[in-house]
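The active site, proton acceptor feature in TrEMBL is assigned to Lys55, Tyr282. What TrEMBL records for Arg153, Met330 is substrate binding site. The domain 'Alanine racemase C-terminal' annotation in TrEMBL covers 261-388. Residues or ranges marked as N6-(pyridoxal phosphate)lysine in TrEMBL: Lys55.
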Amino acid sequence: MNARAGTLPDGVEEPRVTTAFTQRPTRIRVDLDAISDNLRAIQAHAGVPVMPIVKANAYGHGLVPVARHLQAQGATRLGVAFVEEGIALREAGITLPILVLGGIFGPQVGLFLHHDLELTVSSIAKLRQVEAAAEALGRRAAIHLKIDTGMGRIGVRHDSAGPFVEAALASRWCEIRGIYSHLACADDPDSPMTARQLERFLQACAYFERVGAPMPVRHLANSGGVLHFSGTHLDMVRPGILLYGVLPDAASRPAVPVRPALSLVSQVVYFKVVRAGGTVSYGATWTAPADTRVVTVPIGYGDGWPRALSSHGQVLVSGERHRVVGRVCMDQFMVAIGASSACNEDEVVLIGRQGDQEIRVEEVAAAAGTIPYEVLVQLNERIPREYVGADASAG
Ligand SMILES: *Cc1c(COP(=O)(O)O)cnc(C)c1O
């Protein structure tokens with residue numbers, strides 16, 4: 001409804017306010033083709049099925065559009081952290097098997113069954129809760145057994161796996177679809193921890209052979225495992241961050257040819273010259289050493305852009321790298337552009353390419369003193385996401 005409807009002279013069309021104008025000039029651009037190319041590269045490298053992990057809003061890339069694209073591109077299963085994420089996918093029409101990786105709360109078991117979500121069963125007590133709920137609903141539960149081989153998060157300790165596996169095999173109301181564990185140190189190709197975890201995991205899996213039961217799908221490798229430890233690939237791999245074209249750690253080897261899917265762009269909203277001795281932003285922590293050209297960019301920590309980048313992060317303006325000056329505010333931050341010129345509305349690239357320059361999320365994370373995972377997942381819903389690539393308009 002437009003309040004001015006009917007007030008225009010005959011023949012003059014109502015000005016159309018399109019989404020392009022109502023969206024912020026700050027955008028996340030997601031290249032869906034990069035995600036599916038990365039999926040294929042990971043599949044080719046590992047040689048086993050891939051369960052793409054789409055938890056935490058698909059690592060900031062947008063849960064539903066990414067999941068729809070992966071389903072259209074032939075992914076055979078998805079992984080999320082929470083039952084709520086699984087339900088959101090079901091409500092968006094995703095029909096693939098979905099494994100919820102997180103620990104389960106007894107009162108939520110019914111939700112899993114109702115939405116046909118696979119459960120992670122991480123103790124005999126949880127198994128009993130699942131059995132009771134499944135029996136009450138008259139619906140078998142699809143479960144994956146979780147073994148703790150050294151992560152120390154959830155799961156039955158590897159040296160107590162025998163009774164756990166036997167209890168699960170004896171359960172009439174649970175169908176064992178998989179058995180898995182999680183690697184603690186796979187980001188580091190030189191860590192001896194991964195070999196130890198693999199050995200413990202295989203020992204736990206051996207209980208199935210010992211009792212003559214069919215082996216369920218064994219899965220262990222996160223992105224680090226995919227990259228550095230081929231022995232961990234087993235029957236399926238579970239990459240998250242690598243799917244989005246980002247390496248898990250500065251120590252990681254780029255063993256799989258992937259490319260980043262996400263860029264973060266904004267536009268100059270203000271230009272000025274700060275006189276020598278003038279200060280910028282809260283706390284007046286930055287003082288112009290000489291007359292300095294400064295632009296203001298309309299995104300801040302309220303969008304998830306790290307405040308830790310204050311006075312030392314970099315962005316691309318006019319095809320060159322320029323430094324953040326002063327503190328990052330909730331909704332804006334300032335950049336000194338040196339001798340470059342910039343006009344209002346000029347593009348500012350925070351993550352991604354501009355001309356022959358590129359800022360990768362790994363670099364942003366290092367500058368902010370954190371890991372790429374955190375930078376990606378903090379980019380919140382205040383920033384509109386725009387999708388490019390083959391399936392971009394299919395969703
Ligand atoms: C998040 C998660 C993954 C994916 O981890 P990446 O390091 O992003 O590849 C795999 N498995 C489990 C259990 C997880 O929680």
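Including glycine, each Cβ sits where the backbone N, Cα and C put it.
Automatic, uncurated: that is what TrEMBL annotation is.
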Field: Intrachain C-beta neighbours of Lys55 (active site, proton acceptor), sequence separation six or more, cut-off 8 angstroms
entry: Gly79, Val80, Ala81, Phe82, Glu85, Leu101, Gly240
- request: According to DSSP, folded down to helix, strand and coil, what is Arg153 (substrate binding site)?
  value: coil
Query: Taking just the CA atoms, what is the gap between Tyr282 (active site, proton acceptor) and Arg153 (substrate binding site) in Å?
result: 40
Statement: For the domain 'Alanine racemase C-terminal' (261-388), the DSSP residue counts stand at 24 helix, 50 strand, 54 coil
Query: For Arg153 (substrate binding site), what residues in its own chain, 6 or more apart in sequence, show a Cβ-Cβ distance under 8 Å?
result: His182
